[in-house]
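Record features, source TrEMBL:
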COMPBIAS  A:70-85  compositional bias 'Polar residues'
COMPBIAS  A:133-144  compositional bias 'Basic and acidic residues'
COMPBIAS  A:382-393  compositional bias 'Acidic residues'
COMPBIAS  A:405-416  compositional bias 'Basic and acidic residues'
DOMAIN    A:207-335  domain 'TFIID subunit TAF5 NTD2'
REGION    A:59-105  region 'Disordered'
REGION    A:133-160  region 'Disordered'
REGION    A:382-427  region 'Disordered'
REPEAT    A:464-505  repeat 'WD'
REPEAT    A:537-572  repeat 'WD'
REPEAT    A:579-610  repeat 'WD'
REPEAT    A:621-662  repeat 'WD'
REPEAT    A:663-696  repeat 'WD'
REPEAT    A:705-737  repeat 'WD'
Amino acid sequence: MNFKKAGLDSCPLTLGSTDQSEGSILRSRWFPFFNFAHAQFIFKMAAVQGGMVDAKDELDIKSEPPSDGFGNSNANDGRLLSSSPGAGTGGTATGNNKPAPGPPEEQQTLLAVLQFLKKSKLAESAEILRREAGLPEDALDPKGTDASGSGPGLAAGSGQVDGVDASSLLSRVTVSSSAAAQAPKKAAAGEDQPDVSVVLSAYSQQGDPSLYDAYYSGLKRFIESVLDCHRAELSQLFYPLFVHMYLELVYNNNESVAKAFFEKFSGDQECYYEQDLRILSSLTKKEHMKGNETLLDFRTSKFVLRISRDSYQLLKRHLQERQNNQIWNIIQEHLYIDIFDGMPRSKSQIDAMSGSLAGEARREANKAKVFYGLLKEPEIELPLDDEDEEAENEEGKPKKKKPKKDSMGSKSKKQDPNAPLQTRIPLPELKDSDKLDKIMYMKESTKRIRLGSDNLPSICFYTFLNAYQGLTAVDVTDDSSLIAGGFADSTVRVWSVTPKKLRKVKSAADLNLIDKESDDVLERIMDEKTASELKILYGHSGPVYGISFSPDRNYLLSSSEDGTIRLWSLQTFTCLVGYKGHNYPVWDTQFSPYGYYFVSGGHDRVARLWATDHYQPLRIFAGHLADITCTRFHPNSNYVATGSSDRTIRLWDVLNGNCVRIFTGHKGPIHALAFSPNGKFLASGATDGRVLLWDIGHGLMVGELKGHTDTIYSLRFSRDGEILASGSMDNTVRLWDAMKAFDDLETDDFTAATGHIHLQDNSQELLLGTYMTKSTPVLHLHFTRRNLLLAAGAYNP
Amino acid sequence: LSGSVTMAADREERRFAEVSRDSVKLMAESAGLELGDEVAALLAEDVCYRLREAAQSSAQFMRHAKRKKLTVDDFNKALRWSNVEAICGYGAQDAMLFRSVKEGELFFVEDRDINLIELALATNIPKGCAETMVRGMFTLLSSVVAPCSVPAAVQSLSDDLLKYYQQITRAILGEDPHLMKVALQDLQSNSKIAALLPYFVYVISGVKSVSHDLEQLNRLLHMVKSLVQNPYLYLGSYVRSLVSSVMYCILEPLAASINPLNDHWTLRDYAALLLSHIFWTHGDLVSGLYRQILLSLQKVLSDPVRPLCSHYGAVVGLHALGWKAVERVLFPHLPAYWANLQAVLDDYSVSNAQVKADGHKVYGAILVAVERLLKMKALSLPQPAEGCSSSQPGCLAGPMGYRVSSPGLSPPPEPLAEAGLGIASHLQAGGAGCQWEEWSPVPLPAMYSELYSFFGDSLAVRFSTEQSFGGFSPCTPSHFRETRKEPLGHVSNPDTTRKMPQLTANLNISPRQDGSPRTDPPPPSLAATGSVRSLARSSMQRSRASSSRSGQRSIGLSRDVFPKARFTSPHSGPPTFSFVIGGRQMGRRCQGRRPFQTIFVPTPPPPVVLPRVYTHKLPVIGRVCKPLRRWTRSHYSLHLPL
């Protein structure tokens, strides 16, 4: 198992394959479990991406309709079974005989992996996998029907290794040599159609194109005529149906019909789909469909709708009466209708949750239990001279209820029932310096200011002046002593904001001269000559999009457009490690609150969990349908939240790599995430200028904060969680009453199984203040340990 | 994909920029290729699509770089990640010049030749841009300041800025008036001094250290003015600091005012003007600023221990903030304050002369303020004919609406006259925005009667007809209206005006008639402005009442000069006319100051707030210094001619 993962994460993306077995050996043995679903997903992604090239080749070379000639080869995805035989027949009533994903599918995935390994000449790995999975020897027989389905796609995946980037937009027009090079490989894979064609060919069954208009307007008329309570729910159908019908038309070369169809009905769609519609409208050729990522998302994932049983029955009856098979087929094949019992939802309820690329989250996706409680803090023996401090702490605690890190008297504090086991994931042991820092932290916390709606924090704004090269990321250490900026010129700059200057450790030769027994050896190793306020770290070869200090302030992480994440030492101010794996721009990275682990996410749509002492990832979180734009660790380090351009937020379990929550509701790419200090809530900000609040335990949206007029790039809760600060491209910092937002929740809403919460529009009441900067977008926010709010951004004249 | 090729011709729904077939052909030609129409059309369409796709993915790079502007760099990155060669040579920050040639219907990007040799051998090597740095600054300082040491600003100023700062401050605070002028001018228009703002604000906050030097105070105030007027500066929370510096000049018993030779009054007037200017232009930057200012003014006014010059400052400050401020703060405090002032003014001892002179100043300032209050309030009232009973202090449309509705009755208003009165017009516009909740407006008639009880005939504003008053205040107690009778009767009867010198014309003229040694006629220009305005006003007043008094219109003008004379040109002379006349008028008539207050027996006596307790305190302050020299200066010793 351990091994398989190594092959997995590197297969679609890494260039060199020789070190894979080596990597597997180095891999940590801490996480014995790997999730099949994700393995499968990654494979699907790989297959899809690689397959596009093949599909194109297929067309170029044979110019043969791709719908022909594939039989049951698409075993990779069960849902396609129902659609593929119907090619050309149009009216086949496929019914709802969807095979549930189960063991056979898993086995197919394994076979696919096996096939891939074999192709890549990793015989040893293949053998291990075969043994561990308990597959028969002949499972690798290329003629095996199961394996052949995904084979070509994987072959294409390795074709990528040859240098053809699957997602390239223009290469298919210009690059012909590589296509030719791939032809033999494809021939070897047999006459099966590659995966992408399979996905696409779902569109090949067509009715009369001229009737699409009638179908759609018929449904529209019907939905408009039903009772109000059902209309809102059924209206959700419009957008996915519209898109799929349009794509079908385009796919079947009915360009003019498609255009007319688009013209006629695009105006009916909800405004928050505008961006996708714009992409869609530019797409009028079958050839273009193959390279379009948005489209791929739409095809590879079912659009999820949540509809009450009553409304669904209504729809079903209507479609059956009208014999409207075209639409029924689309619903069956491309949509996933999550039927619930109970009252139909209102328009506002639906609008609050919709907007993501693939519809709402299925309810069962948010059913898993999440241990959102905080870990118990280790007991720290305070030095004797700090006794009074401790007394002060003890006494202050019951009142203050500081949620984080101050559980000195842990004897009195019970384990949070919602907290994960202390040892659920292995955490690094505290070093002496960490303990000292914790003591400092507790001392500071006693002086912390209680914030509230009538007690707003002071805001100190750090302006980056003369940042003509472009400031792209900012981070501040927890103790607010250092501030770092990532710049578009590939540099990382670290400033000290205290009088204490930044110093390097002396060179090795000089270190030899030091008396290692002296008490102040830590001071002696520093080279006074290098003291300065600013240190510049050179190493990246592209803009630095993400930056994160380690909790102990010894390290700094930076992620860049060049596809790497770099770990820098703040002792020597040199690069220690370059973590390669994403191979595409890495948009964000963050250290775990306990150090050691970090998470990263980027253009390749996967988030990765790393440990600083492993140069390959420990976990790969795959599932997002578009770029991962931001990543955050849960305060208890057991979970990771990722925000994406597909307008969803996902919460991943670090232990097993499962996706445990999917939050939909944003109408634009998500660029900011923040966990509340007690771990219960998550706040997210997006390009739509809204902040949404989520209850992690129940998996529900619990609030919407409207006010910003541009992308929100930073969110931060105050240390005690009373205030939420948001910073935006609109040059403002806004403060929100988080206490009130969470207190006002009606608990009834949580008990409802359907989880349809009615959001009240109280943004104005919750907004405590708006503070303008001087044409400086707010890129980062940070509460000091005493609850002074620091904001940072580059002056942008 | 045969058949279904739509020509690029159907351009009706052109949602995107498109590369036309002709362009493609042209490009092909330039590369030496012949393309068929169909091929070109196909290519054009594909090019468009690819462009759009690349643009879309480049937008992602823009978003992650946290910019709003798409750059060539973003586009190149998008191309790179789709395995397409980047476009080189277009990295400039500036927009590309896109030119067209009419004849050929050609569009092209202007691409100038650059002489590399020249560039390489150039001797003026441009300086690199300044170093990137981080600077901390407070955006919001809440009432609770963390006890911790706030992380200090990391970087100080660049050398250039530092030099500029030194030069500017030296010029402004130095001796050369011309240099100062230039410096102020630059401060007012320089767009690059944002970084210096805190330093300048700090310098200005040094007013306290130079309170002995009027000249320096004046210069600092001018500095404030320049900063405030600089359109490129965002003052932010520094407004508060600036305001407090200005308030210091208005309110504090400056060391300079110990010497009566120092014209600190002018300084206070100027500072008050500045205050109103800051407030009306930047008041929105700090919430609650208006209220805060009012409160501090009120505090000074209600503090009898403070010297009279502070009180004077408070009054002119209120006046500068607008008639609403006067109504809200000064008017309610007047009864209490009056008792003190009265005591000062009534003390004829030689030792009190200085204090008394100051008292007269205050008196004059109050008079000016309340006169305008009355006028503006009257103007802000709706048409009296409708008998609208509630007085609406915030009625903005008042003056304008009135003029429009009665064009024949009043001479066409001269807009310049209004504009010349910068403050007043600002106040009208903005005053309504800052309502103070706890305060309830006093109806105009009640206000008038109360003020009249204080000032008597010195009040230049008149309300003539009983009818209008009845209309204004149905709630006025009947006995109150009885008391009105007397002046009203005179109003309606032109013959009696001399006996009760309430008509402005008479008041103005009479001093001249008896040839009193009045040395300071108001500057003619001011009088002109004033008269036009007062003409409008007085005619309005009258038109509201019986229209039979047109004869007095012409002479009823220049009395209104006072408010304007003071506030349009604070430097034009000691702002004391108003009292000179009023005092003299009264003095001539009867002995002492009694007539100020009497005439109407049943006047509600001012609520006595321990007047006697204060009176013995008041002179004490003023007595600090009173050089006898003062007596020789008739300019100041207003009571001499009495």
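Using N, Cα and C of the backbone, Cβ positions are placed for all residues, glycine too.
Model, not experiment: these values are computed from the prediction.
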Cβ pairs under 8 Å between the repeat 'WD' (A:663-696) and the repeat 'WD' (A:537-572), at least three: no
Summary of DSSP states over the repeat 'WD' (A:537-572), given as helix, strand and coil counts: 0 helix, 19 strand, 17 coil
Secondary structure content of the repeat 'WD' (A:464-505), with strand meaning DSSP E or B: 0 helix, 23 strand, 19 coil
Residues of the parent chain within Cβ reach of the repeat 'WD' (A:705-737), under 8 Å, 6 or more residues beyond its termini: 400-404, 445, 448, 450-453, 456-457, 459, 461, 668, 671-678, 683-687, 689-693, 761, 763-783, 785, 787, 789, 791, 793
Whole-number mean of pLDDT values that fall within the repeat 'WD' (A:705-737): 93
